[in-house]
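What follows is a single structure, written as structure tokens, with notes after it.
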Amino acid sequence: MSIAEFAYKEKPETLVLFDVDGTLTPARLTVSEEVRKTLAKLRNKCCIGFVGGSDLSKQLEQLGPNVLDEFDYSFSENGLTAYRLGKELASQSFINWLGEEKYNKLAVFILRYLSEIDLPKRRGTFLEFRNGMINVSPIGRNASTEERNEFERYDKEHQIRAKFVEALKKEFPDYGLTFSIGGQISFDVFPAGWDKTYCLQHVEKDGFKEIHFFGDKTMVGGNDYEIFVDERTIGHSVQSPDDTVKILTELFNL
């Protein structure tokens, strides 16, 4: 633990990590003033960080332009892009790991499958290529908030994403990939081990005695599951940002 950097905190050996969508913000929407104030209070007591599957630009939209200064740790794409006290750490690349030939086969299968799904609505950006993963959305990431809510209800009834994931697992069993359903409208595809637990390697040297994690998709198959059940963390399952504030207030006497 670096005394000089974190000694001012009441609990410098405690780290609290947060998922973004559904935990700090409503899905794809911006953070509320109540959550911001709660996090500011919490940061005086212990170290805080966020870890999400989206790239940093989307997290800046949701959490604000000063997010790198307001969190001790900032983990985009599950920690493949990482910042500690505003300074960038080493990153990884999905395409370099998988290779162009395999990625082409994967992308062609995904696009063909997307074209054959029976859906009431389609919008745009069905396959999003990121540094550390790809994100697949049957309705498309350009869907409005209302359309996202509609798809989420439709998906719960028809299991569109779950069936899609099973088809991918069957088609590419030897690719070493993980398929993780998260948010309302999409799922992530990334190398095994590149889930949210990936970010924990960035904090190992700081010697935290307690690492708490707050997330909403903590069920098996959800994109918070692996870090939620990891033996290195104390997991907290939440239903909404309001729920996050409530638990934090009680747990840390804010």
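Heads up, the Cβ atoms here are built off N, Cα and C, so glycines get one too.
Taken straight from Swiss-Prot:
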- Asp19: active site, nucleophile (ACT_SITE)
- Asp21: active site, proton donor/acceptor (ACT_SITE)
- Asp19, Asp21, Asp216: Mg(2+) 1 binding site (BINDING)
- Arg28, Arg130, Arg141, Arg148, Ser186, Asp188: alpha-D-mannose 1-phosphate binding site (BINDING)
- Phe228, Asp230, Thr233: Mg(2+) 2 binding site (BINDING)
- Ser240: phosphoserine (MOD_RES)
Nearest of the recorded positions (Asp19, Asp21, Asp216, Asp230, Thr233) to Arg148 (alpha-D-mannose 1-phosphate binding site) - Cα to Cα: Asp21
Minimum Cα separation from Asp19 (active site, nucleophile), reported as the residue among recorded positions Ser186, Asp216, Thr233, Ser240 that achieves it: Asp216
Alpha-D-mannose 1-phosphate site span - longest C-alpha distance across Arg28, Arg130, Arg141, Arg148, Ser186, Asp188, in Å: 21
Chain-internal residues, separated by at least six, CB under 8 A from Asp188 (alpha-D-mannose 1-phosphate binding site): Gly53, Met133, Ile134, Asn135, Val136, Phe179, Ser180, Gly182, Asn223
Three-state secondary structure, which DSSP defines for the residue listed as 'active site, proton donor/acceptor': strand
Densest Cβ neighbourhood among Asp19, Asp21, Asp216 (recorded positions), 10 Å radius: Asp19
Recorded positions (Ser186, Ser240), the one with most neighbouring Cβ atoms at 10 Å: Ser186
Mg(2+) 2 site, defined by Phe228, Asp230, Thr233: further same-chain residues with Cβ within 8 Å of the Cβ centre: Thr197, Phe213, Glu226, Ile227, Val229, Glu231, Arg232, Ile234, Gly235
Three-state secondary structure, Phe228 (Mg(2+) 2 binding site) (per DSSP): helix
Set of same-chain residues at least 6 away whose C-beta sits under 8 angstroms from Arg28 (alpha-D-mannose 1-phosphate binding site): Asp21, Lys58, Gln62, Thr145, Arg148, Gly183, Gln184
Nearest-integer angstrom distance between the alpha carbons (Cα) of Asp216 (Mg(2+) 1 binding site) and Arg130 (alpha-D-mannose 1-phosphate binding site): 23
Pairwise CA distance, Ser186 (alpha-D-mannose 1-phosphate binding site) versus Ser240 (phosphoserine), rounded so that it is a whole Å: 18
From recorded positions Phe228, Asp230, Thr233, Ser240, the one whose Cα lies nearest Arg141 (alpha-D-mannose 1-phosphate binding site): Ser240
Residues near Thr233 (Mg(2+) 2 binding site) in space but at least six apart in sequence (CB under 8 A): Leu17, Leu200, Ile211, His212, Phe213, Ile227
